[in-house]
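A.B. asks: One structure, pasted below without further comment.
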Amino acid sequence: MPSSSSPAAAAAGEGSGRKKAAGRRLAGVMLLLRLASLCFAVAAAAFAATDGAALRAAPFRFLLAANAIVAVYSAFEVAAAAWEVAGGATLLPEAMQLWFDFGHDQGFGYMALAAAAAAAREAATCGSHGGGTACVQGDIAVGLGFAGFAAVAAAAAASGYRLACFLATGSRSPASPSSSPY
C-alpha cells in the first residue's frame, strides 16, 4: 500500500537523515582530532620528562607541565567524543558542552603554543652548549609540542564551527541543504 505521507514530509525526513549523517561525520572528525592531540601531548610530555638535562631549564619544565595538562584534557575530550559518536548525545547539556569545548580548546591551545615556543627558544641555544642527544631529545619534544598545538587548534576550529552551527540553527550539526529549488 502506498504511504499516506506527503512529499514534503518525505523531503523533510531525507533532510533530517543528511543532517544526522553530517553530524556523525563531524563528531568522527572531532574524535580523530582529539585522539591526535592526546597522542602528541603524551609523546611531547614523555620526551620532555625523560630528558633530565633539559628539565633543568624552566622552559622545558613548562613544556612538560603544559603537555601533561593538555594530555589530561585531551583524554577527557576523547572520552566525550567517543560517547557522542557511540550514542549521538553529548555528556553535558548540548549548549554547555559546546561552550565548554570551544573555551577550553582555546585556553589549552594557547598554553600548548606558549610552552612550545618558550622551549623552542631554549632548544635553539642548546647546540651551542654541546648538549648532543639531550639537544635532539629536546628538539623532538618541542616538535611534538607544536604538533599537539596544531591538533588542538584544528579541534578548536571544528568546535568553533559546531558552536556557530548551534547558535545559527539550534543544533550542533550543520544545517542540511534545503530541498526547495529556490
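Backbone N, Cα and C define each Cβ position, glycine as well.
Grabbed the feature section from Swiss-Prot, which reads as follows:
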{"type": "TOPO_DOM", "residues": "1-28", "note": "topological domain 'Cytoplasmic'"}
{"type": "TRANSMEM", "residues": "29-49", "note": "transmembrane segment"}
{"type": "TOPO_DOM", "residues": "50-61", "note": "topological domain 'Extracellular'"}
{"type": "TRANSMEM", "residues": "62-82", "note": "transmembrane segment"}
{"type": "TOPO_DOM", "residues": "83-97", "note": "topological domain 'Cytoplasmic'"}
{"type": "TRANSMEM", "residues": "98-118", "note": "transmembrane segment"}
{"type": "TOPO_DOM", "residues": "119-139", "note": "topological domain 'Extracellular'"}
{"type": "TRANSMEM", "residues": "140-160", "note": "transmembrane segment"}
{"type": "TOPO_DOM", "residues": "161-182", "note": "topological domain 'Cytoplasmic'"}
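What does the local environment look like for each feature on the list?
C.D. replies: Over the topological domain 'Cytoplasmic' (1-28), the average per-residue pLDDT in this prediction is 59.
Tertiary neighbourhood of the transmembrane segment (29-49): same-chain residues 55, 60, 63-64, 67-68, 70-71, 74-75, 77-78, 81-82, 84-85, 112, 116, 119, 137-138, 140-142, 144-145, 147-148, 150-152, 154-155, 158-159, 162, selected by CB-CB distance under 8 Å and a gap of 6+ residues from either end.
The list of residues near the topological domain 'Extracellular' (50-61) in space but at least 6 beyond its ends in sequence, with Cβ under 8 angstroms from a Cβ of it, reads 115, 118-119, 121-123, 126, 131, 134, 137-138, 141.
Listed as Cβ neighbours of the topological domain 'Cytoplasmic' (83-97) (distance under 8 Å, sequence separation of 6 or more from its ends, same chain) are residues 20, 24, 27-28, 30-31, 166, 172.
Among residues of the same chain six or more beyond the transmembrane segment (98-118), those with a C-beta under 8 A of the stretch's C-beta atoms are 41, 44, 59, 62-63, 65-67, 69-70, 73, 77, 80, 90, 92, 142, 145-146, 148-149, 152-153, 155-156, 159-160, 162-163, 166, 172.
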A.B. asks: Near the transmembrane segment (140-160), which residues from the same chain, at least 6 beyond its ends, have a CB less than 8 A from one of its CBs?
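C.D. replies: Result: 26, 29-30, 33-34, 36-37, 40-41, 43-44, 47-48, 51, 54, 60, 63, 66-67, 70, 74, 77, 98, 101-102, 105-106, 108-109, 112-113, 115-116, 119-120, 123.
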